[in-house]
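**Student:** Quick one: the structure is below, questions incoming.
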Amino acid sequence: MAYPGGMAIPCQDTAAAPRPAAVSALPARSSPYLRRVAVLSLHTSPWAQPGTGDAGGMNVYIRNTSTVLARRGVAVEIFTRATSSDDPPSWEPVPGVTLHNVVAGPFEGLRKEELPSQLCAFTAGVLRECVGHEAWRHSLVHSHYWLSGQVGWLIKDRLGVPLVHTAHTLAAVKNVTLAEGDVPEPLQRLVGEGQLVAESDRMVANTQVEAGHLTQYYAADPQKIDVVPPGVDLGMFRPGDKAAARAELGLDPSEQVVAFVGRIQPLKGPDILLAAMAEVMRAKPGVRLLVVGEASGSGLSPEGIMATAERLGVADNVTMWPAQPPAQLAKVYRAADLVAVPSHSESFGLVAIEAQACGTPVVAAKVGGLPVAVADQVSGVLVDSWAPERWQAEIASLLAAPERLRAMGRAGVAHAGRFSWEATADGLLASYRAALRGGALAPMRAVRG
């Protein structure tokens, strides 16, 4: 099949293909053969603030799953690229998790798109750390995103350990749903992802939708794909008093607030939301758009969003905040009447599940894993278009129905309660064991998908 980016990869009919193994809860204990896992996150540190630079849902995923795995008795060593001379070579952010900052290229000035030039340097740094001991001490390698996957592939080949890979996003899918003005993913990434599908011992997909994309666009073997949905920190993201949250954040208690949380880039669709909200605000006084996040890559910026709001005449009703730590972010969700996720591509949609866990309904694009993260017409609404007028209509309808919003909020708490990082760790442990055995998982019931 040919797709934007210029590359053709054989595809198979996903309807006729066997369904990938779906992973659900397993006993909370680690295998005696699974002692230590090397986690590769080249382009962003899991302890970086989500919503800044290239940090987002993947960071949240690695941080939480590593923490839970460590509690289960699996030592986790994370390797990421150092981005400051102040970064310590190694440190322990939580007990049982060691984070190594590998020097690979200059600390500043390299965009994510330029990091393929540093794959050799990063691989050399990882190997020096690992081979410098008496014996290779890791049971397996788990790589995240295609750049890390290339490094993991070489380590697998060099040291003879299994490779588990999680893509998080796929170039072929992003190119099919490309945002207006966004840049297509390059051929080198498409080729690299195809190689990883072939060379990984296991592929972890967030949803059955993502598993289908792997088979459709990359001819992946469904029998080595494990479906493991991400989770949410239900202790951090939980319902709370809306009035108290607004008071703490300095938001007007009389206004209706629609929140956007994420990186300011075309992929996430904040420009679409602003265009829709401008019409909502003109028709209904007392509505505010709260945008929480920072610029990532090129194409959009907080300054550009505010300039557009000025041009549309709604700047007084738009508030921009930088990315927030989890405790503050939970308050943002509780303070909002509605959270909007107009992304062009999402492998899952952690913002959506976090908002629902706090009791706030979600209006989201019907794309990727968002139909799994959001229960349509129950805990939120899915929109099968990126036309601003469609988003305006859905948002206006929800804001005009406070009882419906409250019912959706209650349903969202129940829906989000089905997803936890403990369950995600269970699924990863099952995938790891399958990789160590060199065989496929027996089919299990998915959390959802």
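Cβ coordinates come from backbone N, Cα and C, glycine included.
Keep in mind that what you see is a predicted model, and the values were worked out from it rather than measured.
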**Student:** With Tyr333, Arg334, Ala336 listed by Swiss-Prot as binding Mg(2+), identify the candidate in Thr308, Thr360 belonging to that site.
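**Tutor:** Site partner of Tyr333, Arg334, Ala336 for Mg(2+), according to Swiss-Prot: Thr360.
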**Student:** Around Thr360 (Mg(2+) binding site), which residues of its chain at least 6 apart sit with Cβ under 8 Å of its Cβ?
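**Tutor:** Sequence-distant Cβ neighbours: Ala259, Tyr333, Arg334, Ala336, Asp337, Leu338, Val339, Gly409, Gly412.
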**Student:** Round to a whole number and give the Cα-to-Cα distance in Å for the pair Arg263 (UDP-N-acetyl-alpha-D-glucosamine binding site) and Asn59 (1D-myo-inositol 3-phosphate binding site).
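**Tutor:** It is 13 Å, counting Cα to Cα.
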**Student:** So which other residues, same chain and not among Tyr333, Arg334, Ala336, Thr360, have a Cβ within 8 Å of the centroid of the Cβ atoms at the Mg(2+) site?
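**Tutor:** What remains near the Cβ centre is Lys242, Ala245, Ala259, Ala330, Lys331, Val332, Ala335, Asp337, Val339, Ala355, Cys358, Gly359.
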**Student:** Nearest to Glu354 (UDP-N-acetyl-alpha-D-glucosamine binding site) by Cα, among His43, Gly57, Tyr145 (binding-site residues)?
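**Tutor:** That would be Gly57, the closest of His43, Gly57, Tyr145 to Glu354 (UDP-N-acetyl-alpha-D-glucosamine binding site).
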